[in-house]
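Remarks on the structure that follows.
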Amino acid sequence: MVQLDVEKTIEELTLGEKVALTAGIDFWHTAAVPRLNIPSLRLSDGPNGVRGTRFFNGVPAACFPCATALGATWDTKLLHEVGRLMGEESIAKGTHVVLGPTINIQRSPLGGRGFESFAEDGVLSGILAGHYCKGLQETGVAATLKHFVCNDQEHERLAVDSIVTMRAMREIYLLPFQLAMRICKTACVMTAYNKINGTHVSENKQIITDILRKEWGWDGLVMSDWFGTYSTSDAINAGLDLEMPGPTRWRGTALAHAVSSNKAFEFVVDERVRNILNLHNFVEPLGIPENAPEKALNRPEDQALLRRAAAESVVLMKNQDNILPLKKEKPILVIGPNAKTAAYCGGGSASLDAYYTVTPFEGVSAQSQGEVKFSQGVYSYKELPLLGPLLKTDDGKKGFKFRVYNEPPSEPNRQLIDELHLESSSGFLMDYKHPKIKTFTFYVDMEGYFTPEEDGIYDFGVTVVGTGKLFVDDELVVDNSKNQRQGTAMFGNATVEEKGSKELKAGQTYKVVLQFGTAPTSDLDMRGVVIFGPGGFRFGAARRVSQEELISKAAELASQASQVVIFAGLTSEWETEGHDRDHMDLPPGSDEMISRVLDANPNAVVVIQSGTPVTMPWAHKAKALLQAWFGGNECGNGIADVLYGAVNPAAKLPLSFPVRLQDNPSYLNFRSERGRVLYGEDVYVGYRYYEKVDLAPLFPFGHGLSYTTFSRSDLSLATTPEKPQLEDGEPITATVSVTNTGSVAGAEIVQLWVAPPPTGVNRPVRELKGFAKVFLQPGETKKVEIVVEKKLATSWWDEQREKWASEKGTYEVLVTGTGDEVLKTSFEVGKTRYWLGL
């Protein structure tokens, strides 16, 4: 790669070459023009790890804690470190552009991708995202803020029209993008799938050009989400530089024709190409060649950072009677469906094949010096557990054979064209390629041998994007080839899991075969769903057991144990791109199991893993409760570090946890109805709503305890004299003394809130405007400074003037942290002023 003379290159490009540059060539690469030294660039998903170019059978990667977990750290320095490692992982994968971070707002607990965004609050989300991007781009890799904007649900995400006031748009949904860009000018922005007030974002000139480019002065590259381009002329004229993925649907000959008919002028195409070439120059110093090989890093120092991030994200929700930390020397009983499952990431774009994972059971076992016992408690899988890791090939290897054909099984003498050895029996084939496969229609036989450890009836399940028949010893057990039903897996492309059963004997070996046909063989109606490649498969199995039997056994064991930890929650099956959750509840049986174990042993510790809030009807019984999110590679070790006190928890909730789904402000207005969703809560998202209507959530935004105690004192403000205009921001510096009044070293997160004066406009009771994290030894006191700009601390969006309004009056400043102590002071705004810009 070489630095390009952008203007000279534009002059030398033909119209056909310009048009080609404005769209990808495949799922992960941009177009090249070799004669002018313009190479193809590689892009890769990056919500919580850099997957590389393959969903299917790809090169493993580091998996970071999910964004809500990172949001819970409230730690800008940590986010900077995470961003740097993300950049280094990207370079190892030969990737120039990371498709992240996600900074949408969780207006509902049910959003399928809620775990991908940092927080329900734009200030927390935007500041963390800015530092994350700064660390990432320091490596030379380009960051992509997404999804711009209001991509806050999965239901009908390609078509839904988000009806939202401009005030809510500015104060809630655009704010994290605005604040992130003040900290780090990211190289890229990705548009959202949805419409806003009638127009798809990827062709919305007001959003892309008027606000992003002109008002904010940003000059990077705007790309579509994958298959999120819906027009030729409208999108190119609105400012969409790059259509992804390729091959193009809307550019190519269609764009050339639009230019020839003056639907789009060539100088507009030049503007799009200019941004693409500027991106080439941004990433050129990396020296990553076209189609670079992908490799793994997995360095010890990276593992240490991942473990620290996992531990620092764990929120101590309750710790009555100082149940925690646990005693290492005592025996411990570990209960629950998440104990031996590594719930390390959510589903969809965030999913990847991690270098390794650590389950909570493994994490606890590694640190306990006493006996560690286990009880299942309940099964909480949405679909049957993967069978692949329990199979063996005919030559004794773990896993199964994956044999590919162009013809169906009914064709005699068909030719084998590819054979792979796999362990995971879940595969999304959107990037599988073979030179002998010319279309998306092909067939796969997956064959392995299963030897059960116990007698019983075994349930088998098959989920496909395509068709599938599962045989056990040549007997058809599951037929998922006819009368298929739409499911939620694999971005919403897959069928419902179809099941069948067979009685098996312990120690006897059975041949298991899945006959799979790719997506074109399916009869599902896929309208409104993003179609990703040739299809996918998933097959699982489990011995049929009684949940009541499991719960009773767990409760009985708990009644006799001195230390008990329950691990429950969700997994990537329940929280995933392509599907919103139907409710906030834990999987069936989980609440009953937790409640009965707590009845049997009131000192049992409950650990919940989920990316977004869940209901906790047993919370009043629990003395000790942790929220542990999806913690990445090191999730099990991170949780164990907090349980045993190696790490003193400091995390605070980045989301409000309502008592029940009906309490959340978007309850009446979530999901698409007749193609639209009304953002009826307006600016009252999350804590803004609960505080305005005086409705207590189960656990509020910003809540989190510690193994030590803190006090705050000596709050003071230093303000900047007012000027006629507010464009320079007029910084306000809050200084507060923080003391560790306990006996354990720990970190405190100081939160600065501003409450507006009474005006003629309805405003939230208070809003977060700044925060800082400080580490203190026992008895140590430090002064903490938080600087906020007056214009950001005081302003609301005036729809009549189409400007931010900083109104005259007295503004109260509140400083909070761990515990109930609130420090207060105030400052004056002497004159109402209006402003625009970043």
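Glycine is treated like the rest: Cβ placed from N, Cα and C.
Among the features that Swiss-Prot reports, active site is placed at Asp225. Among the features that Swiss-Prot reports, domain 'PA14' is placed at 395-555. Annotation comment: Swiss-Prot describes Asn197, Asn493 as N-linked glycosylation site, evidence class sequence analysis.
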Just to be sure I understand the packing, how many Cβ atoms besides its own are within 10 Å of the Cβ of the residue listed as 'active site'? 24
Far apart in sequence but close in space: which same-chain residues, 6 or more away, have a Cβ under 8 Å from Asn197 (N-linked glycosylation site)? Asp161, Ser162, Ile163, Val164
Just how many other Cβ atoms lie inside 10 Å of the Cβ on Asn493 (N-linked glycosylation site)? 26
Taking only the Cα atoms, work out how far the residue listed as 'active site' lies from Asn493 (N-linked glycosylation site), in Å, as a whole number. 17
In the domain 'PA14' (395-555), averaged pLDDT is 95
